[in-house]
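Look at TrEMBL and you will find A:1-22 tagged as signal peptide. Residues or ranges marked as heme c 1 binding site by TrEMBL: A:CYS80, A:CYS83, A:HIS84. The domain 'Cytochrome c' feature in TrEMBL is assigned to A:212-336. Taken from TrEMBL, the feature heme c 2 binding site applies to A:CYS225, A:CYS228, A:HIS229.
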Amino acid sequence: MKRRVIFLICLAILGAAGSGFESSLPVYTRQSDTTIFKVPANFPKPVYDFKGNRVSDAGFRLGRMLFYDPLISRDKSISCANCHQSFAAFAQLDHAVSHGVDECLGTRNTPALFNLAWQKEFMWDGGIHHIELSPITAMTNECEMASNLQEIVVRLNASEKYPALFKQVFHRDAINSQSVFRALAQFTSMLVSADSKYDQYIRHENNVVFTTDEQAGYAIFKAKCSACHTEPLFTDRSYRSNGLDKHPDDIGRDSITHQADDIGKFRVPSLRNVEVSGPYMHDGRFNSLKEVLEHYNTGVVSSPNLDPLLKKNGVLGIRLDHTEQLRLLAFLKTLTDTKFINDKRFQDPNKIKSK
Amino acid sequence: MKSKYWALISLFSISIISKAWSQTLPADSGKLILHFKNVVNGQPLRLNDTAVNYHNSHGDKFTINTFKYYISNIVLFDDQGKKITLPPAYFLINAADSTTFDPVLTHVPPGKYSAISLMIGVDSARNFAGAQEGCLDPAQGMFWTWNSGYIFLKLEGISPQSNAKLHRLTFHVGGVKPQNTIRVQTIPLKKELIIGAGQTAKAVIITHIDALFSGKNQVDFSRLSFTMGGPNAVLIADNYATSLFTAWEETQR
């Protein structure tokens, strides 16, 4: 006990001393490890502080193994990767809503996973406040993995491979839910997407230039979209109603805040990798970006909570003529990070080996 | 180079401070054991007992299957009215597990104390700090999985007056934003509690379950039998805010 107190004091002192030379130390990754969490030059400081959970090679690999392991779901039939597919920027291709155990269809579209270390809140309604806890919803939702934390921890402790791997990362004899969440966070926080054509253009890398259409689309984007889909994350991380329904079936943010003016509001999603992460909207109602742009052009319906930016000067929506839509699409495609979606580090380790 | 320099200084200060702590800790501080007794209608709580005839102030009958709550951020007030904040500690009192009834507070400075204050719930700094362990492990079943954050106090039971399925009572009190259900109660101690250096004192805290359903908002189970955070949870938290606990007796050994 005494030893533990002393250890904690040491940590506190190290932490205090650390603040003096923060910039010179890789605070997000354990020293000597090669799995490095880097803040891209055009990005702000991440929200996740990696406190007590700096990324390590072994931790990242363990998190990835858990992410691809169906052992987490009640009937061991699905893993996180069933709905979060690397080639779709970790959204689910062609599925309007999530698809859980027993063929259960959920009510909301699987969100893409990237740049999570910059995210303050998670899920379409923002109900989860911390990256480490973000898997808890899918793990326990009856229509997703339908398991519970006790069961997951028991299974992992009883498995052949996991106890030694957890011990290597967390230096403890037994696996608990905290280690599971932290291991997963070591993987999910590493899912950084910041190498699209847009990023290279902004950072003046590789002599990348925009085409005329892309350049024109970027100007339209800045004039008409960026108030909500703010650079460089392409979301202002707020909750808004974008005029999908007069009477929303899904109350959205209100289910968390219990406030009438949040009915029908959802988290503004990032537009990064939007080309590959359809279907779109919280319920996956639009299959193509063309439909999405047409919604903003002519489909926005009025409701008490409709975002004021979508009824400026009494005009519903955002007028976008055919040419503007084409240009905007050209720009949105510059946000596709092919290096990210093809990154072998983030793919199923079992499949990569067998290839 | 710079980091090496800092590391040396850190190591040096660690050795000094840890030495100081190891020397002063045992001699200078005492312990306080809080013994929690859960009580309904003046009787010790019996879980899952259908023979008990508990009733709320509205006259509705009920039984209790689950009763759990967090206490944290414990503060002592000495006989001069000075406030002594104890080191961060979190305890889950679970009526179904008697090993949780006697949380031990360590590092209590010696002194004469006239009141104790308990936070019912978990402070926001810890609540939103990511995955926790021990009694704050979400596997304890006191954590909302779709709306992350701790359930500060949970009572489940049955009342014939409840209109819910199977006449269930489900009172899950928690949430901070925008409806805050964190409550801090300061409890006067009937007799001055003296804690000497290296000594262990004990205080008995009575938890009055009746307090959930009366006070600011009298609860009629036919109208309110379910809270899951939100405005209704605030009604319950407001009820028990100043009346959940009393201190009954204090002994020293």
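Every residue gets a Cβ built from N, Cα and C, even glycine.
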If H, G and I count as helix, E and B as strand, and all else as coil, what does DSSP give for A:CYS228 (heme c 2 binding site)? coil
Just going by other Cβ atoms within 10 Å, which of the binding-site residues A:CYS80, A:CYS83, A:CYS225, A:CYS228 has the emptiest spot? A:CYS228
For A:CYS80 (heme c 1 binding site), which DSSP three-state class applies? helix
Out of A:CYS225, A:CYS228, A:HIS229, give those binding-site residues positioned within 10 angstroms of A:HIS84 (heme c 1 binding site), comparing C-alpha atoms, in sequence order. none
Give, as a single whole number between 0 and 100, the mean pLDDT over the domain 'Cytochrome c' (A:212-336). 97
When you measure from the Cβ of A:HIS84 (heme c 1 binding site), how many other Cβ atoms are you left with inside 10 Å? 21
Other C-beta atoms within 10 angstroms of the C-beta of A:HIS229 (heme c 2 binding site) total 20
Residue among binding-site residues A:CYS225, A:CYS228, A:HIS229 with Cα closest to the Cα of A:CYS83 (heme c 1 binding site): A:HIS229
Which chain neighbours of the heme c 1 site, leaving out A:CYS80, A:CYS83, A:HIS84, have a Cβ atom within 8 Å of the mean position of the site's Cβ atoms? A:PHE67, A:SER79, A:ALA81, A:ASN82, A:GLN85, A:PHE90, A:GLN92, A:THR110, A:LEU113, A:ALA138
Give me the CA-CA distance between A:CYS225 (heme c 2 binding site) and A:CYS80 (heme c 1 binding site), in Å, as a whole number. 31
Do you know offhand how many angstrom separate A:CYS80 (heme c 1 binding site) and A:CYS228 (heme c 2 binding site) by C-alpha? 29
From the centroid of the CB atoms of A:CYS225, A:CYS228, A:HIS229, the recorded heme c 2 site, which same-chain residues not already listed sit within 8 A by their CB, in sequence order? A:PHE221, A:LYS224, A:SER226, A:ALA227, A:THR230, A:PHE234, A:THR235, A:ASP236, A:VAL268, A:LEU271
Under the DSSP assignment, what numbers of helix, strand and coil residues are found in the domain 'Cytochrome c' (A:212-336)? 52 helix, 10 strand, 63 coil
